[in-house]
Structure formats: C-alpha cells, structure tokens
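For reference, the structure discussed in these notes is given below.
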C-alpha cells in the first residue's frame, strides 16, 4: 500500500467523482481576504470542510449513552456558521464533501493541528474500500472552556492509501452492505 499524492487526488476527484465538491488547491482566505483554517488539496492529502449542521451533546435529559440504543435526545441540533462545544463535551458534524472511495483505496482521517493545538480533537473511523457518503465527524472538546468550530473551513485531513494491484480486498464495504453506506447529513450510531 502506498500513500497517494496531490496529482492522484486531483485525477480521482475530477475524473471519477471521488470527492464532491472538490477544491484542486489549498484555500487559505475567504472572498473578503480573511484568513481561514485551510481546506482543499495538499501534498499528500485532502483537507475537508465542516458543513453548517451540528449535533451538540447535552445531558439535559439525563439519558444513558448506549451505542446499541442511542437516544437522539442526547443532542441539540444547531445550524450555523459556527458551533460552540461545551467544556469536556463533544459534537457531531459532517463534511461538506461527499466521498466515493475506490475498491483499492483505504482512507484515513486525521484532525488538523490548528484544532488539536486548542484541545479540540477530531475523530473519524477509516473510510473503507467502496464506501461512499458524507463523513460524520466527532469533535471532542478536551478543555474546561467552551470551544468553537467553524463551518465552511478545514477541520481534518484525509490520507489516501492505494493497495497493490495484486492485493485488492476480497470484500469491500459496499459488498458487505455496510450500515453507513450512502449516508447523508450527520449520522447517529446504528447497530
């Protein structure tokens, strides 16, 4: 398996719809010239943006967090250009980008250092071969202060690893009917 470069990422996005919408270069400023947390194609990855829809965890209803029987009342929905995450809490969001991962590719997501250096950690499981959808992002605020997340700006980087031609997986995410296949919007746990 080898990591793929900006040339490969551009080709796969432009010719095969791997990432939509797609930004061929790095965007660091908005139209008004104000600095952004960068997004778009980098040397060996793609920096994704957060969409303006969030689910912020709340304990108002005092429900038990159970991944097999998750209660939607555990979240407050927020739509907007930013989201405030309470201290020592978390929020779910999604990428603006929709992904279509090829059968011979595994994609790993890492949080951007701009957020990590503020105590905001991004967690995403790998995007498996032939998975497609919006990526659900989990932001953990590890600080004892409120933390701000910006929609429309970079939040995480996707790294693409392509298998050797003789070592493509036998069973893809699509083949096994993965429960998050084709997800749109912020997706809560499923069993």
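Positions of Cβ are set from backbone N, Cα and C atoms, glycine also.
DSSP assigns residue 138 (active site, proton donor/acceptor) to a strand in the three-state reduction. According to Swiss-Prot, the feature active site, proton donor/acceptor maps to 138, an assignment based on sequence analysis.
Here residue 136 (dCTP binding site) comes close to 92, 93, 94, 124, 180, 183, 186, 187: these same-chain residues lie at least six apart in sequence, with C-beta atoms under 8 angstroms from its C-beta. If you look up Swiss-Prot, you'll see 112, 113, 114, 115, 116, 117, 136, 137, 138, 157, 173, 183 marked as dCTP binding site.
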Cβ contacts of residue 173 (dCTP binding site) (under 8 Å, same chain, 6 or more positions away): 101, 128, 129, 130, 131, 181
